[in-house]
Amino acid sequence: MDDNRIRSILVLGGGTAGWMSACYLSKALGPGVEVTVLEAPSISRIRVGEATIPNLHKVFFDFLGIAEDEWMRECNASYKAAVRFVNWRTPGDGQATPRRRPDGRPDHFDHLFGQLPEHENLPLSQYWAHRRLNGLTDEPFDRSCYVQPELLDRKLSPRLMDGTKLASYAWHFDADLVADFLCRFAVQKLNVTHVQDVFTHADLDQRGHITAVNTESGRTLAADLFIDCSGFRSVLMGKVMQEPFLDMSKHLLNDRAVALMLPHDDEKVGIEPYTSSLAMRSGWSWKIPLLGRFGSGYVYSSQFTSQDEAAEELCRMWDVDPAEQTFNNVRFRVGRSRRAWVRNCVAIGVSAMFVEPLESTGLYFSYASLYQLVKHFPDKRFRPILADRFNREVATMYDDTRDFLQAHFSLSPRDDSEFWRACKELPFADGFAEKVEMYRAGLPVELPVTIDDGHYYGNFEAEFRNFWTNSNYYCIFAGLGFLPEHPLPVLEFRPEAVDRAEPVFAAVRRRTEELVATAPTMQAYLRRLHQGT
């Protein structure tokens, strides 16, 4: 029998996507496959931080056998227990602190990790909506149903000093340090070959398959499978394979970002255990806390503001002089390749797809795509069904996220600028419009396969197929003030069940008090982790 096994893989591009690809594929396929990374010699970069989601460690670092504390120390990492949305309901310029809503409450809400508790076969969100819409409570959804918001307010750690986990969390870190760490791990532990050179062109056979890539120094690097991690340039997928790019600007308007890094006094003001998403005149800004500094960037639409205007608004928010700052200006295309796998080329990361980092899905798209690639891994025959199924999986992953992000803008009550008014004119995709109608009718939207965080975040196959769940939709929709039109009708016939839900809400309040009394500050925990003091 002929040996049709893939024997060699060439990854074009380094960065987080390239080195994640090299590590994951080398680990998954073992020493029988030679993995090479072709990376242009490094240039100086402005480091602005990266935010992630909870399954990163289980799906990627655990798979590689790298302990959490080890990679965190190497990558200047801190914890992220939520995304806090600030000023998404009130008009005005970018502001780092919450304004007051008309009801007197501060204009912020939290998108939290972990699944909602259930009561009598319904998620707690439906009981909260019943109480809220019947005037029985005015407490916000996030603070009624989750224990974390009070920890966030007090800048407390999601782990005890002995490492015990108190709540679901993800991470903030320096993305360039992660890429450097994975490069060392790949070369030293997995025998990945690292070639520093500049790509010039690719060779194709009569079938249109890539046979080799060529470099400025005259190298010819042959392989059986090629992974395109060349970023927005999409060198192999877009230029060599000529795969069409599906523009998604009819759903999401933002197409630019201006970013900078600023100092932060951790001892004086503490370290926030969350990513901040701060609404601006023509988009939004992130704030990613790192040790001794934080990264911030204004993601905006060039239809409604200029690069200079965006930089000025960002600097006003942080009370710094634009003339004294070094900015990283980024133009990005919103959308995805029609297919991420064409013949013997697979695009991973930004070369395949991109949405703005509003929900920290950038790295997730990379390692989720790698998971699906290994699941559908080919041999040299490259049977079309493998690529077809992979392409359907990653397209659905992208489209679901695109729709969820669009709702953040479309359902916001803000209408104080051309940008916010324009967002409301964009149509939802048909499938997502149905989800919005389900929510308006009081129904749960996309129930999770389990509410046990250990099993939910521990079973990536189930999580991948059920990624944005009812908990996510309620955090954002209710947080924006977009409530169901009426409670779930069946609860009107079950008053006893509604009454019996009160102890569940009370248990959330008790657990919150317990955590506040025991959790260390983020600053104290990270000092012990990174400095051993």
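Placed from the backbone N, Cα and C atoms, the Cβ positions cover glycine too.
Per Swiss-Prot, the feature active site maps to LYS80. Marked as FAD binding site by Swiss-Prot: GLY14, THR16, ALA17, ALA40, GLU50, ALA51, LEU363. Annotation comment: Swiss-Prot describes GLU359, TYR456, TYR457, GLU463, PHE467 as L-tryptophan binding site. What Swiss-Prot records for THR361, GLY362 is chloride binding site, and it gives similarity to another entry as the kind of evidence. Taken from Swiss-Prot, the feature site 'Important for activity' covers GLU359, and the record attributes it to similarity to another entry.
Everything Swiss-Prot records as a feature, shown here on the structure.
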| residue | record | Cβ neighbours (10 Å) |
| --- | --- | --- |
| GLY14 | FAD binding site | 25 |
| THR16 | FAD binding site | 23 |
| ALA40 | FAD binding site | 15 |
| LYS80 | active site | 24 |
| GLU359 | L-tryptophan binding site | 21 |
| THR361 | chloride binding site | 24 |
| GLY362 | chloride binding site | 21 |
| LEU363 | FAD binding site | 24 |
| GLU463 | L-tryptophan binding site | 22 |
| PHE467 | L-tryptophan binding site | 20 |
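Around the Cβ of ALA17 (FAD binding site), the same chain contributes CYS229, GLY231, ILE348, GLY349, VAL350, SER351, SER366, each under 8 angstroms and 6 or more positions distant in sequence. Secondary structure at GLY362 (chloride binding site), as computed by DSSP, is helix. GLU50 (FAD binding site) counts 25 other C-beta atoms within 10 Å of its own C-beta, drawing on all protein chains shown. Closest to GLU359 (L-tryptophan binding site) by Cα-Cα distance, out of the recorded positions THR16, ALA40, GLU50, ALA51, LYS80, is ALA51. Comparing ALA51 (FAD binding site) with PHE467 (L-tryptophan binding site), their Cα atoms are 17 Å apart once rounded. Closest by Cα distance to THR16 (FAD binding site), from the binding-site residues THR361, GLY362, PHE467, is GLY362. Spacing of the residue listed as 'active site' relative to THR361 (chloride binding site) is 14 Å (Cα to Cα, whole number). Of all residue pairs in the FAD-binding list (GLY14, THR16, ALA17, ALA40, GLU50, ALA51, LEU363), the one with the greatest Cα separation is 25 Å apart. When Cα-Cα distances from GLY14 (FAD binding site) are compared across the binding-site residues THR361, GLY362, GLU463, the shortest belongs to GLY362. In space, GLY362 is the closest of the binding-site residues THR361, GLY362, GLU463, PHE467 to ALA40 (FAD binding site), judged by Cα positions. Rounded to the nearest whole angstrom, the C-alpha distance between LEU363 (FAD binding site) and PHE467 (L-tryptophan binding site) is 15. Per Cα geometry, GLU50 is the residue among the binding-site residues GLU50, GLU463, PHE467 nearest to GLY362 (chloride binding site). The distance from the Cα of PHE467 (L-tryptophan binding site) to the Cα of THR361 (chloride binding site) comes to 11 Å.
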